[in-house]
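Residues or ranges marked as ATP binding site in Swiss-Prot: 10, 11, 12, 13, 14, 15, 127, 198. According to Swiss-Prot, the region 'NMP' annotation covers 30-59, on the basis of sequence analysis. Marked as AMP binding site by Swiss-Prot: 31, 36, 57, 58, 59, 92, 158, 169. Per Swiss-Prot, the feature region 'LID' maps to 126-161.
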């Protein structure tokens, strides 16, 4: 199965994506992860991405889609993949669709995780992030130590996790994502809206039910 995840920051799509990927035995492919891997490996597309980042520019969609195509063509993705953070704009949605057609891989579903804005502010303003591994934590305080990923780092509260910054990010998210949702609706894609308020298990149950996975 090829599944695209959409949703605002703090909606839990990354966590649910990991759980879904484990259940389906497919990789969760996140744009940031594959970009960093391509840059580290020094692939031709990775070098193009690095050049753009070194200039302070956004990495071109064509480069991102090229890297995503390589990831989806890998043996590990033979059974499918969960795509997180891949689609943020309508050109990216169209580019991904064209790429999947070229690969002969159907898009099975687009999961849209929905959460009330006040709940997102509550969640994210209580989030800390490890300076070393960038893993987010909820319910832990700045200054605590993280030992995930084989490294030791300090937990910090990022400036963009302050309430005003969160509301600004939500405004940007709505402006970007509303056209994407409309594009998927017009394209006839299997767009599934998921109520993302509840425990991990409750939200996971809704995802599995929507996808008819037992």
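Placement of Cβ uses the backbone N, Cα and C atoms for every residue, glycine included.
Features per Swiss-Prot, on structure.
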residue: 11; record: ATP binding site; DSSP (3 states): coil
residue: 31; record: AMP binding site; DSSP (3 states): helix
residue: 36; record: AMP binding site; DSSP (3 states): helix
residue: 57; record: AMP binding site; DSSP (3 states): coil
residue: 92; record: AMP binding site; DSSP (3 states): helix
residue: 127; record: ATP binding site; DSSP (3 states): strand
residue: 169; record: AMP binding site; DSSP (3 states): helix
residue: 198; record: ATP binding site; DSSP (3 states): coil
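A 10 Å cutoff on Cβ-Cβ distances gives residue 36 (AMP binding site) a total of 13 other Cβ atoms nearby, all chains included. Within its own chain, the region 'LID' (126-161) is flanked in space by residues 10, 169, which lie at least six positions past its ends and keep a Cβ under 8 Å from the stretch. Spatially close to residue 169 (AMP binding site) yet at least six residues away along the chain are 8, 9, 160, judged by Cβ distances under 8 angstroms. Note on residue 198 (ATP binding site): other Cβ atoms within 10 Å of its Cβ, all shown chains, come to 12. Of the recorded residues, residue 58 (AMP binding site) and residue 14 (ATP binding site) place their C-alpha atoms 22 Å from one another. Taking 10, 12, 14, 15, 127 as the binding-site residues under consideration, the smallest Cα distance to residue 59 (AMP binding site) is found for 14. Sequence-distant neighbours of residue 31 (AMP binding site): residues of the same chain at least 6 apart with a C-beta under 8 Å from its C-beta are 64, 68, 84, 85, 86.
Under 8 Å, Cβ to Cβ, and six or more positions away along its own chain, residue 10 (ATP binding site) finds 115, 120, 123, 124, 127, 166.
Less than 8 angstroms from the CB of residue 11 (ATP binding site) sit 113, 114, 115, 120, 196, each of them six or more residues away in the same chain. Between the candidate binding-site residues, 13, 58, 59, 92, 158, the densest Cβ environment within 10 Å is the one around 13.
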